[in-house]
Amino acid sequence: CSGRGVKRSRLDSGNKVAVVLGAQWGDEGKGKVVDLLATESDIVCRCQGGNNAGHTVVVEGTEYDFHLLPSGIINTKCISLIGNGVVIHLPGLFEEIDKNEKKGLKGWEKRLVISDRAHIVFDFHQALDGMQELQRQAQEGKNIGTTKKGIGPTYCCKASRTGLRICDLLADFKEFSTKFKSLAQQYQSMYPLLKVDVEGELKKLKEYAERIRPMVRDGVYFMYDAIHGPPKKILVEGANAALLDIDFGTYPFVTSSNCTVGGVCTGLGIPPAYIGDVYGVSKAYTTRVGIGAFPTEQVNAIGELLQTRGHEVGVTTGRKRRCGWLDLVILRYAHMINGFTAIALTKLDILDVLDEIKVAIAYKLNGKRIPHFPANMEVLQKVDVEYEVFPGWKTDTSAARKWNDLPPKAQNYIRFVENHIGVPIKWVGVGKSRECMIQMF
């Protein structure tokens with residue numbers, strides 16, 4: 001008998017993958033947490049979204065902006081993987097590389113790996129994204145507030161099985177051209193106002209194909225080898241956030257991919273058993289870009305103060321972010337879906353000047369607490385918020401480097417958040433640079 005009946009744990013071998021995910025509506029400072037962990041990681045991966053993400057990382061006074069590239073690309077000892085679940089706009093990728101090269105990024109082409117199963121974002125996807133937003137605005141008086149980067153239309157293509165992937169681009173180019181032309185034609189017949197420069201775009205794509213060819217690998221085998229090979233630290237950088245998830249977010253004001261933990265498995269081709277720590281990132285308050293329900297929003301002096309003090313402007317869009325109090329209903333909901341093992345609470349210092357600080361602990365409908373996060377947007381717009389009120393600490397926390405440097409009232413605020421969500425807070429952010437992340441354990 002070949003050991004039948006002997007139950008072998010599925011986990012007794014293999015490197016676990018650590019994951020960093022946004023726990024609110026994005027812009028929580030994930031880039032900073034990823035950067036902190038990437039300094040000791042061997043592989044950093046992106047698994048979903050596209051260049052609609054925007055992560056800012058400050059290294060030795062230089063500010064790098066990443067949209068498609070994993071933030072780990074700065075680390076010279078680290079491989080950066082763009083996984084199959086990511087949608088790639090090649091001109092955008094190279095523009096981003098050029099910008100960061102000017103700031104001092106070197107040797108990236110030896111450290112970047114691109115999955116051959118990733119879908120390609122074409123220029124007409126981006127043009128269509130803009131057109132659809134204008135259409136929504138005209139018809140319903142409201143758009144979704146997309147970044148117009150062609151992400152939604154590309155995932156649409158993927159789901160309707162008309163998309164083209166990196167593997168198609170690198171195979172027979174004549175075959176690819178034929179498919180591209182018929183896709184462009186299909187789009188033009190559906191959207192007569194859409195202009196597509198077929199020959200121009202194909203010419204560019206042919207050049208990009210040769211530039212990326214050395215970096216393209218089969219992502220499934222790459223990840224399998226990474227997990228089952230010698231000990232390695234593997235990190236996954238989530239883009240967007242829990243409440244922008246296509247399934248669990250505030251639909252329809254969401255992105256078009258799964259930015260919760262399930263997207264890691266499908267976007268890289270790895271089994272759930274190899275997911276290790278899942279870090280949720282949340283601000284010490286809440287922000288949201290674009291439109292959609294936002295129960296704790298402060299359309300008043302408090303909201304303005306958070307917006308100006310926190311420099312709340314989108315990295316990708318340049319839009320002012322809407323601001324409000326920390327919402328623990330949302331964080332608990334994000335934890336239910338993602339199973340956070342620890343949380344990073346960022347931008348605590350922005351609250352330093354407030355006399356009192358509120359935290360949402362429940363939603364009410366017609367005076368009664370509701371036990372869940374409403375799926376329906378009209379319902380979510382109507383909820384009343386129940387707050388816990390804390391006295392402000394009225395002290396500058398930006399120089400704090402360890403727990404004991406924080407004023408007792410700030411410590412009290414952090415402990416309340418931790419106890420309410422039931423997840424330990426591992427980092428507290430009090431500023432922009434790497435040094436400003438207080439590690440708690």
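Residue numbers in this text run from 1 along the chain shown.
Every residue, even glycine, has its Cβ placed from backbone N, Cα and C.
What TrEMBL says about this protein:
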BINDING   26-32, 54-56, ARG321, 347-349, 429-432  GTP binding site
BINDING   ASP27, GLU28, GLY29, LYS30, ASN52, ALA53, GLY54, HIS55, THR147, ARG161, ASN240, THR255, ARG319  IMP binding site
BINDING   ASP27, VAL315, THR316, THR317, GLY318, ARG319, LYS320, ARG321  substrate binding site
BINDING   ASP27, GLY54  Mg(2+) binding site
ACT_SITE  ASP27  active site, proton acceptor
ACT_SITE  HIS55  active site, proton donor
ACT_SITE  LYS158  active site
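All features noted in TrEMBL, drawn onto the structure.
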| residue | record | CB count, 10 Å |
| --- | --- | --- |
| GLY26 | GTP binding site | 29 |
| ASP27 | IMP binding site | 28 |
| GLY29 | GTP binding site | 22 |
| LYS32 | GTP binding site | 27 |
| ASN52 | IMP binding site | 28 |
| GLY54 | IMP binding site | 19 |
| ASN240 | IMP binding site | 28 |
| GLY318 | substrate binding site | 8 |
| LYS320 | substrate binding site | 14 |
| LEU348 | GTP binding site | 24 |
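Most Cβ neighbours within 10 Å among the recorded positions HIS55, LYS158, ARG319: this distinction goes to HIS55.
Spatial neighbours are here defined as Cα atoms within 10 angstroms of one another, and by that definition the neighbours of LYS32 (GTP binding site) among the recorded positions ASN52, GLY54, HIS55, LYS320, ARG321 are HIS55. Take the Cα of LEU348 (GTP binding site) and measure to each of the binding-site residues ASN52, GLY318, LYS320: the nearest one is LYS320. ASN240 (IMP binding site) has GLY26 nearby among the binding-site residues GLY26, GLY29, THR56, GLY318, LYS320, ARG321, counting only those with a Cα within 10 angstroms of its own Cα.
For THR56 (GTP binding site), the spatially nearest entry among the binding-site residues GLY318, LYS320, ARG321 is GLY318, judged by CA separation. ARG319 (IMP binding site) sits 13 Å from GLY26 (GTP binding site), taking the C-alpha atoms as the reference points. Comparing C-alpha positions, LYS158 (active site) sits nearest to GLY54 among the recorded positions GLY29, GLY54, HIS55, LYS320, VAL430.
Of all the recorded positions in the record (ASP27, GLY29, ASN52, HIS55, VAL430), the one with the smallest CA separation from ARG321 (substrate binding site) is ASP27.
Cα-Cα distance from GLY29 (GTP binding site) to HIS55 (active site, proton donor): 8 Å (rounded to the nearest whole number).
Cβ packing within 10 Å was compared across the binding-site residues THR56, ARG321, VAL430, and the lowest neighbour count falls to THR56.
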